[in-house]
């Protein structure tokens, strides 16, 4: 795959070089640190759109939740249900109230700062969320160690998996039904050609489609790269499956569709890279800590994150999001809102994925992309952040930060 990407002035070779030598080694290290490896997720939310097909019974679909004792104490302090049974003893009651106060506040902040910022937690920022967020206080929400539950091919496929992707593309990519999308390029074409239609769309709607296609390509690539090859003596062996990769991405086997999918993956990378470069000022403030309770590790994690931000700012061919939503104010505002609601719907469809491991990584990557979009549309708010106190205009929860970094890492 070579050459320039559509809708931006960036070529694939430059992204490859930049990622391989600067970004990838550091982001891999960051993902291994405690702050970024524990993600709280509710895998039991019912599918809001159709009756559940029942969960995947393949053992590799299973997600192993993390025992509470393994989760660093500073991360758990951000969860108010830790002391749900208030004891009679007044010391424990005080502890419980204290935990509830801490739990109400953004857990990126250091413990010292938390006390002062209780008011801030009352700010309802649902207006700028691109994702349906899991309620972290739900008894069904559990911490998962992402390093112990890697994204890979579990055997989940067929009608249930197809239905999820079809409903994402058919109902959420601004596409009229008369236009046929070549998800299966061997099927007979009908109606208006998909790509003629796509080229005729405004930039924003084209970008939306490419982001979803890029996310789809990213997930498919991980499944091909970490595929269950064989099981000997009850022990699975995972590795790259070239045949599966060819089936999904080869230009001949996909009638030219594969390279487009891969280009959209690069486009997704550019969008998330741009978001990281834009959100740097939020983290550069001394008031924000990647708090786990281990001061030394927290300082190292923050230094590594800021180092990655410096690299992202040095990239010379960023996507220019200023070209988006730049028309007349009223039209731009309603288009942005439409964009947000379509994306929010996609995040809800992730609760319809029948395999828990696929659901976990689908939710995490969707939330990561939703967080990237939230950042790109909050530039003014980020630029006017106060140095020593939180801003009512823009904030990120720990969940959003973990999702952003891990989705970009993927």
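We number each residue from 1, going along the chain as drawn.
Every residue, even glycine, has its Cβ placed from backbone N, Cα and C.
Per TrEMBL, these features apply:
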- 355: active site (ACT_SITE)
- 358: active site (ACT_SITE)
- 152, 154, 165, 213, 216, 248: FAD binding site (BINDING)
- 56-61: disulfide bond (DISULFID)
- 355-358: disulfide bond (DISULFID)
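Mapped onto this structure are the features recorded in TrEMBL.
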{"residue": "61", "record": "disulfide bond", "Cβ neighbours (10 Å)": "19"}
{"residue": "152", "record": "FAD binding site", "Cβ neighbours (10 Å)": "19"}
{"residue": "154", "record": "FAD binding site", "Cβ neighbours (10 Å)": "20"}
{"residue": "165", "record": "FAD binding site", "Cβ neighbours (10 Å)": "16"}
{"residue": "213", "record": "FAD binding site", "Cβ neighbours (10 Å)": "24"}
{"residue": "216", "record": "FAD binding site", "Cβ neighbours (10 Å)": "19"}
{"residue": "248", "record": "FAD binding site", "Cβ neighbours (10 Å)": "18"}
{"residue": "355", "record": "active site", "Cβ neighbours (10 Å)": "23"}
{"residue": "358", "record": "active site", "Cβ neighbours (10 Å)": "25"}
Could you measure the widest C-alpha to C-alpha distance across 152, 154, 165, 213, 216, 248, the residues recorded as binding FAD, and give it to a whole number of angstrom? 21
Distance check against residue 358 (active site) for the binding-site residues 152, 165, 213, 216, 248, keeping those with Cα within 10 Å: 152
Pairwise CA distance, residue 165 (FAD binding site) versus residue 355 (active site), rounded so that it is a whole Å: 14
Between the binding-site residues 152, 213, 216, 248, which lies closest to residue 355 (active site), Cα to Cα? 152
Binding-site residues near residue 61 (disulfide bond): from 154, 213, 248, Cα within 10 Å gives 154
